[in-house]
Amino acid sequence: MALQKFPLLGLLFLITIVVSSTIAVDDPVCPTTSKLSRASFPNGFVFGTATAAFQVEGAINETCRGPALWDIFCKRNPERCSGHNADVAVDFFHRYKEDIQLMKNLNTDAFRLSIAWSRIFPHGRKEKGVSQAGVKFYHDLIDELLKNGIIPFVTVFHWDTPQDLEDEYGGFLSENIVKDFREYADYVFTEYGGKVKNWITFNEPWVFAHAGYDVGKKAPGRCSRYLKGCEDRDGRSGYEAYLVSHNLLNAHAEAVEVFRQKVKGGKIGIAHSPAWFEPHDLKDSNDVPTVSRVLDFMLGWHLDPTTFGDYPQIMKDLLGHRLPKFTSSQKAKLKDSTDFVGLNYYTSTFSNHNEKPDPSTPSWKQDSLVAWEPKNVDHSAIGSQPLTAALPVYAKGFRSLLKYIKDKYANPEIMIMENGYGDKLKDKDSVEVGTADYNRKYYLQRHLLAMNEAICIDKVRVTGYFVWSLLDNFEWQDGYNNRFGLYYVDFKNNLTRYEKESAKYYKDFLGQGVRPSALKKDEL
């Protein structure tokens, strides 16, 4: 109401939110508090929730949105999406104002969203048409966030390649994607860069390349027939994932070049998604080095080029001609092409030296000479895994990973773009069962504490944290069977949202302390 009555004050409020949306904590000072809360973190620390366009928006036939890779993947192979699709998803497209009120209820500062490429360019390229209705939707969404005091963090690409580009030249298998992605990124930076200062070019490039083009678990489902479960699928494991990542990295560099010309005062990064690893046998001299080796293959694969300008040396040594080479000009563009390290952390496991891989059946996991083990040499599991949990819970690994990045990459600014707990409920489970998510509450408590220790004790420069996810949503090959939301979505009854116990905890946690939007500019 105040914004409507006093338009000048409203404008100043929006400007304040935009200006204060690029926040750095160079020398974190951690207050002493009686219990862990927002007040336990440095001034200016940003807390939020996250989603992705394909997973929540729905409305696939509105705004002239073109088909995306996952639309076709799930329709052609419904069994590979658990029989589900994202045609409606959780209907965020129509309910975003309602959902922004849920964000406000949580006391969050920020919201991470993604833009659907084919909602802007239905056919993948500007010359083939721009959907002005799609452009307007994201303007309206961003404006509504700002009006409610919530800082938008925007991901340019979250796995939803326009199907037209996939059909035309194979999407990210072709270097043609580099110029098309640059054009798309240029358009969204120009369109929204005056309002949005925090950007991610690519979400989880390791998962996108490995799961989509090496083991075939995610779209487009490509893998070699010698891999278990890939008998009837096209692809070339051990080759295509490296090519896809190479094109993705060059596309990132081109987009960042445009970004730094167009978005003044902004920050940009990539959201990486490594697990943490502990040696299978601490007394085995072959197992101990597997931690750094597998992290080079999982994290360094994309973080080394954007930091140092080239792939990790171990990848070059082990892959040989199968790893594409950057030109000198590409290296120059890639080096220092991120302003912060985006990190998505979920789980940890054990790493074991794999001494004798079969050279006739290459794959990403085999290439690193590392086997992943659920238990160590003493038959102990890593962390805990409740019965409904999708992944083991190991908060210590979160802190260890943060310290690893600090030490290896010269203490960069880090933003936790995703952290969350998935539980696989049964169809018969009631809303009451779904909202009593005490395991998720415990997960958040442990990981927020681990992050606080990394900041305050290890002096890691973490400046923001986003819970995955605001809402239960479409979880790729798991469909709607794997729930990560702070809010329960009743898929059987009008997609009604219900507050979970974890949401109540996060709201209480964030209710204690000063929000960044309430700080003076010189305090940020």
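Counting starts with 1 at the first residue shown.
In case you wondered, yes, glycine gets a Cβ from its N, Cα and C as well.
For 1-24, the entry in Swiss-Prot reads signal peptide, with the evidence type sequence analysis.
Around TRP476 (beta-D-glucoside binding site), the C-beta neighbours below 8 angstroms that are at least 6 residues distant in the chain are GLN55, TRP70, CYS81, TRP159, LYS218, ALA219. Per Swiss-Prot, the feature beta-D-glucoside binding site maps to GLN55, HIS158, ASN203, GLU204, TYR346, GLU418, TRP468, GLU475, TRP476, PHE484; the stated evidence is similarity to another entry.
In the shown protein chains, 8 other C-beta atoms lie within 10 A of the C-beta of ASN61 (N-linked glycosylation site). What Swiss-Prot records for ASN61 (among others) is N-linked glycosylation site, and it gives sequence analysis as the kind of evidence.
Sequence annotations record features per position, and here Swiss-Prot assigns active site, proton donor to GLU204. A coil conformation is recorded for GLU204 (active site, proton donor) in the three-state DSSP classification, outside any helix or strand.
DSSP classifies CYS230 (disulfide bond) as coil under the three-state reduction. Taken from Swiss-Prot, the feature disulfide bond covers CYS223-CYS230.
The active site, nucleophile annotation in Swiss-Prot covers GLU418. DSSP assigns GLU418 (active site, nucleophile) to a strand segment in the three-state reduction. Annotation for GLU418 (active site, nucleophile): spatial neighbours ALA50, ARG112, ALA271, SER273, ASN344, TYR345, TYR346, PHE466, VAL467, TRP468, SER469, criterion Cβ-Cβ under 8 Å with sequence separation of six or more.
In the three-state DSSP classification, ASN494 (N-linked glycosylation site) falls within coil. Sequence annotations record features per position, and here Swiss-Prot assigns N-linked glycosylation site to ASN494 (among others) based on sequence analysis.
The feature motif 'Prevents secretion from ER' is assigned by Swiss-Prot to 521-524.
Each of the disulfide-bonded residues CYS223, CYS230 was scored by the number of other CB atoms within 10 Å of its CB, and the largest score is that of CYS223. On a Cα basis, CYS223 (disulfide bond) lies 19 Å away from GLU204 (active site, proton donor). Whole-number maximum of the Cα to Cα distances across the beta-D-glucoside-binding residues GLN55, HIS158, ASN203, GLU204, TYR346, GLU418, TRP468, GLU475, TRP476, PHE484: 18 angstrom. Using CA atoms as reference points, the recorded positions ASN203, CYS223, CYS230, ASN494 were checked against ASN61 (N-linked glycosylation site), and the closest is ASN494. Counting only same-chain residues six or more apart in sequence, none has a Cβ lying under 8 angstroms from the Cβ of ASN494 (N-linked glycosylation site).
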